[in-house]
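*Asks:* When I checked Swiss-Prot for this same protein, it listed these features:
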- Q85, G103, E104, G105, K106, T107, D493: ATP binding site (BINDING)
- C823, C825, C834, H835: Zn(2+) binding site (BINDING)
- 829-839: compositional bias 'Basic residues' (COMPBIAS)
- 800-839: region 'Disordered' (REGION)
Amino acid sequence: MANILKTIIENDKGELRKLEKMADKVLAYEDEMAALSDEELQAKTEEFKKRYADGETLDQLLFEAFAVVREGAKRVLGLFPYKVQVMGGIVLHHGDVPEMRTGEGKTLTATMPVYLNALAGKGVHVVTVNEYLTERDATEMGELYSWLGLSVGINLAAKSPTEKKEAYACDITYSTNAEIGFDYLRDNMVVRAENMVQRPLNYALVDEVDSILIDEARTPLIVSGPVSSDTNQLYHMADHYVKSLDKDDYIIDVQSKTIGLSDSGIDKAESYFKLDNLYDIENVALTHFIDNALRANYIMLLDIDYVVSEDQEILIVDQFTGRTMEGRRYSDGLHQAIEAKEGVPIQEETKTSASITYQNLFRMYKKLSGMTGTAKTEEEEFRETYNIRVIPIPTNRPVARIDHSDLLYPSIDSKFKAVVQDVKERHEKGQPVLVGTVAVETSDYISKKLVEAGVPHEVLNAKNHYKEAQIIMNAGQRGAVTIATNMAGRGTDIKLGEGVRELGGLCVIGTERHESRRIDNQLRGRSGRQGDPGESQFYLSLEDELMRRFGSERIKALLDRMNLSDEDSVIKSGMLTRQVEAAQKRVEGNNYDTRKQVLQYDDVMREQREIIYAERHDVITADRDLSPEIHAMIKRTINRIVDGSSHSDQDDKIEAILNFAKYNLVSEDSISDSDLEGKSDQEIKDYLFERALEVYDSQIAKLRDEEAVREFQKVLILRVVDSKWTDHIDALDQLRNAVGLRGYAQNNPVVEYQAESFRMFNDMIGSIEFDVTRLMMKAQIHEQERPRTERAISTTATRNISAKAPNMPDNADLSNVKRNDPCPCGSGKKFKNCHGRKK
């Protein structure tokens, strides 16, 4: 272990030596750039672009380009990047993460690699965690970029598609991670190429990269539409039943935060819902409602996991920032179950139309880098998931902050009593204090206690984060006391007021250890910026969430040995800190394993999504007749139907193929048994394809010009693809839940998921081609005048496609259709799951 650690440290040192040499080359241009006039310095941008176009690489331009940005920043912003900032910029350009402490000027560091990569003209995305930082950084740094001749765009959720397209067309685009993800998904749902807003994803520089790529890695971005179903009553019934349970009726696993019914709970459910067996196949939907009601009532906590807004809406609280996540909803019915629990209006369920996780979104960029003050603890995950190295950058000035050892109290009450006393004493001497909490509930509790103690303070949590930047900016003033949920206000520097340095600087007090060491380090890092003095102190209790879930037994034993009878007794020891860090490492390991598994599942979806989106993009951008592609779909559909019927005896086979042809290819009275009898399978395939092409040509002939034909073909294909893809996503979600149970049968759930999803994907492709064939053959296309506008073309095409194939006639003879044959109605389903379903 010691050897591994030594190797890592030596590698870091070697990397830093290389970076220092490169930074010195940038600094060597300092006098040359200072001697240039404004016009000469600004002209460098066009010179670099020309040199890049003539074959020079960005790596070759780096030293001079970085020097131009340094000089430009000095003239425009009054800021001159230090050598360590130049080193950080080089790391960013190479597609890695420089770990730079809070207050070391990460925003200014980013200007150099952003400028350099923007010279290529392929777009640079600077990604921030919220829109306040997006606008702030784009406005402040945009001055420099504009002065140097580069265009800057700001992408906000409220902007129109036209404004978004303009923002993405700029050399540099500032945006939140969520908005880039949603724009990507929406771009893959449009019908016309001109409605897409993004260019191909080129280079992303992610601010607070650990927050986005690690903490939010599991969060799927979902574009969804409503599902018409009257299920509100079931949510209320399940909630009412769950609230009637005693503690013995359910089992909670505190460590994994899972819950299930005990035998007595199952008995009560069968009695309450009047069932013979709760786990009969017919009751699968009901058990899902009960499971969600259990989670909502006994796992999900008000003011910790979510808050109820003034508008009676359930808002999710981000566990890593303490902010509410506007517009986000728990999936799979959990959000509705919480609404039932809290007695607020239940919003309708939705069906996923498109989704992607941040892991797979950001892995699509050609080059990815990011900045943070705390990434080294997650180095393995950055390397394994994103192929990114983490390189610690030295501070410009030595860190003067004093980090005190943790204090452990027997109970939460005694802990908070000590926190309030400490805050009061520091406030009275004028030292500013930042109190960090992990939950809204804790913030409110400490606030109440400080009011009782007569200590004036500001509270910053999920309930009032609109003024967070202003509150955080004032947190370093003399006598200021600020309570902040976790890392709220991250990205905004706390600058010390007059006379505060002499009082010891800002004191950060942590009221609980977070499950991630990185989050604790971020809280500590709010103090002691740029060599300022400061202090940090964590207060813990045996009743804290982390201590309850992981590793508290040894610490309890330690307490017993010390025989602490006084409630206000406190432990302060190195062993305690080591035990807490060991507990945090276990949680981090669990979370990493979970994220890895999510990625394994999502990689399956990613491969399928990329195939569908690539095909979709090809259709949207095609400036040609798509008849060859549609002909191929028709041919494959016919082949599948004929091959699928070959196992039947001759009469049954002819009957099944005839029904398919009548209801999906040609008019009913234009084909009969005699047309198919006596032919081999290949001859039947050739005959039906020939007949289908005749119908296809007659359908196309009804459209008066090539533009109308292309529009009709595009809308037809896209409509079918989007419908089937949405159903497929829904089916994959259900499959993922189902394969989890197969793990109990000693099967690997991920392997099962991969195999089953591959089969389902192939089925979906067949279903897409079947529907395109059926709609193409049976759509009722009316002769029309040439439409005057694109909108008219689209409307007409959509209206034409809306004409469905005729339903199965009441007197249709289905006696010879086998259960596993395709249903002759043309639904694409097997007969047993369609018109052959037992009533």
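The backbone N, Cα and C atoms fix where each Cβ goes, glycine too.
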*Asks:* Can you check what DSSP calls K106 (ATP binding site), collapsed to helix, strand or coil?
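*Replies:* For K106 (ATP binding site) - judged by DSSP and reduced to three states - the answer is helix.
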*Asks:* If you count the C-beta atoms lying within 10 Å of each candidate's C-beta, which of the binding-site residues E104, D493 ends up with the smallest number?
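*Replies:* Least crowded of the binding-site residues E104, D493, by Cβ count within 10 Å, is D493.
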*Asks:* Once the chains shown are all counted, how many other Cβ atoms turn up within 10 Å of the Cβ of G103 (ATP binding site)?
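*Replies:* The answer is 22.
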*Asks:* So among the binding-site residues Q85, T107, who's got the most Cβ atoms within 10 Å?
*Replies:* Q85
*Asks:* List, in sequence order, the same-chain residues at least six positions removed whose CB sits under 8 Å from that of K106 (ATP binding site)?
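*Replies:* Spatial neighbours, sequence-distant, of K106 (ATP binding site): G88, M100, D207, M371, T372, G373.
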*Asks:* Could you state, as a whole number of Å, the largest distance between Cα atoms of any two of Q85, G103, E104, G105, K106, T107, D493, the listed ATP binders?
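*Replies:* The ATP-binding residues span at most 17 Å between Cα atoms.
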*Asks:* Setting Q85, G103, E104, G105, K106, T107, D493 aside, what same-chain residues sit with their Cβ within 8 Å of the center of the Cβ atoms that define the ATP site, listed in sequence order?
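*Replies:* Near the ATP site, the remaining chain residues are M100, T102, L108, T109.
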*Asks:* My understanding is the cutoff is Cβ-Cβ under 8 Å with a sequence separation of 6 or more in the same chain; which residues meet that for G105 (ATP binding site)?
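*Replies:* In sequence order, L79, P81, Y82, Q85 meet the Cβ cut-off.
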